[in-house]
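One structure below.
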Amino acid sequence: MLMKYLCTAFFCVFPIVNHATGKEFTEHDMAHYRERIKSMFYHAYNSYLENAYPYDELRPLTCDGQDTWGSFSLTLIDALDTLLILGNKTEFQRVVSVLQENINFDSDVNASVFETNIRVVGGLLSAHLLSKKAGMELEVGWPCSGPLLRMAEEAARKLLPAFQTPTGMPYGTVNLLRGVNPTETPVTCTAGVGTFILEFSTLSRLTGDPVFEKVARKALRELWKTRSDIGLVGNHIDVISSKWVAQDAGIGAGVDSYFEYLVKGAILLQDEDLHSMFLEYDKAIRNYTKFDDWYFWVQMHKGTVSMPVFQSLEAFWPGLQSLIGDLDSAMKTFLNYYTVWKQFGGLPEFYSIPQGYTVDKREGYPLRPELIESAMYLYRATADPTLLQLGRDVVESIEKISRVDCGFATVKDVRDHKLDNRMESFFLAETVKYLYLLFDPDNFLHNDGSHFDTVSGPHGDCVLGAGGGNPELPGLEYRYPDPTGSNYGPGNEPGYTAFQTPTGMPYGTVNLLRGVNPTETPVTCTAGVGTFILEFSTLSRLTGDPVFEKVARKALRELWKTRSDIGLMHKGTVSMPVFQSLEAFWPGLQYWNSTSKKVAAIRI
């Protein structure tokens, strides 16, 4: 997913922690497993291309394909960012061209709002933000423009009708051509309401259309209001009435990514409200669902145990704990889950904790990524070699149990390792990717992350409401000094504003009633051009009017373009050997720069 991508895409950020490689794994061992994992990826990827494309997924036992989530060639979209993480720029570029020519969202298809968002929108956004790293020819205005961004926006717009409910919480299914079916059930899972903020906020900040982030935040707020008196949420809710239909509370299926997106959204957007919401939930989860570093399902109002089971989807939790700094709890829970893996060579969908065995009809392992994702996060934070051991065990188990002539098959039953005829797109999008990143501490995504850093705050040159990087101000005509004074408003109509210049850099003086005087000098100081971004961006984000941040950013960009070849002025020869009192701010600025945190980003 950025979420579930950012993350991949989209699409999340976390402090870099540099550690030595675990003692039990030499550099040779790490390289060996990277090559093994690459081989796994290409065996699965090539099998999909040869036998299943353009269908959504590969059926590895019969060597053919099937559509599962809307006929989007989903595996191809999902695999894009993994291609680049493995270093394959050529194939990344080829696939982008294929997708541009062949993907069409104007189809009469009933699509899962949740799955389309995390897989299609997230996958396209992640690929869009990686385009520069991949050596793609970029459109003017990137990352605020580009074919993959337009495709992501088109897909997301198809989902917007689902949010037109009395509560703002979305329906679970939407027809991409006709919107929500009148007979559509209003009942959807918690994750289906709360898993949009990463992709939709990224879209809003890249395209300039605030509607995506707005609907995602409204859904989050409404869901937050429905928590019980003891601070828990249930599993399924009626989006019309806000009444809980399934009142089992836990961290697994139907709820999981809601909590994940609160944490990663807080990091991505630097949003204290999302962080506070998660901490409140985390407190309730610890108080009512945690037992000996396992997490049970409980009744949301009473806190009484309803299902003492571990679900494989819960395996993301140690990774999430590591992101909030709770490494001790994260590692203890991870080790519990690892014991289950070692028992079966995979994680069954449901595992009875009291019985220490699988749950009837829930014995399958669809090659999910969550435990590997947690191992990757935890290894970045601790360098504990146990986490690499998990990675090694996963590679060996999947190769031994799931590898077939056409890719890798999901495990129908972990007890006897019978296989099922399916390879879900997340196997390439997440499972293989997290394995590779676990064994590749020097990957650009760990040590740089710059191509996802642009997602944080404003996205490069993009701002909320900025209209996709279009430099023109909405609704304003650019007007320039007229020596006759005819543009100088008499008071009941404005003249041209300070920022309405051919460059976008402002005049130094403006009449508060009538605008810029026709005789105003066009010469102003550098600080008078570049000292607006703090106030104006704050205004835009508080008022919802993008014009303030937009003019401030345009002025900064234009000023940046005027620097000399040496980065200052032209010769660099001393003109005044003096100290000015205003320069005394500089030591503070140097301190801030030296202590700023580095961040890296991964598609979630």
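Cβ from N, Cα, C; glycine included.
Database features (TrEMBL):
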- 1-22: signal peptide (SIGNAL)
- Glu115: active site, proton donor (ACT_SITE)
- Asp256: active site (ACT_SITE)
- Glu349: active site, proton donor (ACT_SITE)
- Glu370: active site (ACT_SITE)
Fill in the blank from the handout: Rounded Cα distance in angstrom between Glu349 (active site, proton donor) and Asp256 (active site) is 14
Exercise for the section: Could you measure between Glu370 (active site) and Glu115 (active site, proton donor) for me? Cα positions, answer in whole angstrom. Expected result: 16
Problem - Residues near Glu115 (active site, proton donor) in space but at least six apart in sequence (CB under 8 A) - result: Trp69
Handout entry: Fewest-neighbour residue among active-site residues, criterion Cβ within 10 Å, set Asp256, Glu349, Glu370
Key = Glu349
Problem - Assigned element (helix, strand, coil) containing Glu115 (active site, proton donor), judged by DSSP - result: helix
Completion exercise
DSSP says Glu349 (active site, proton donor), in three-state terms, is coil
Exercise for the section: Please report the DSSP secondary structure of Glu370 (active site), reduced to three states. Expected result: helix
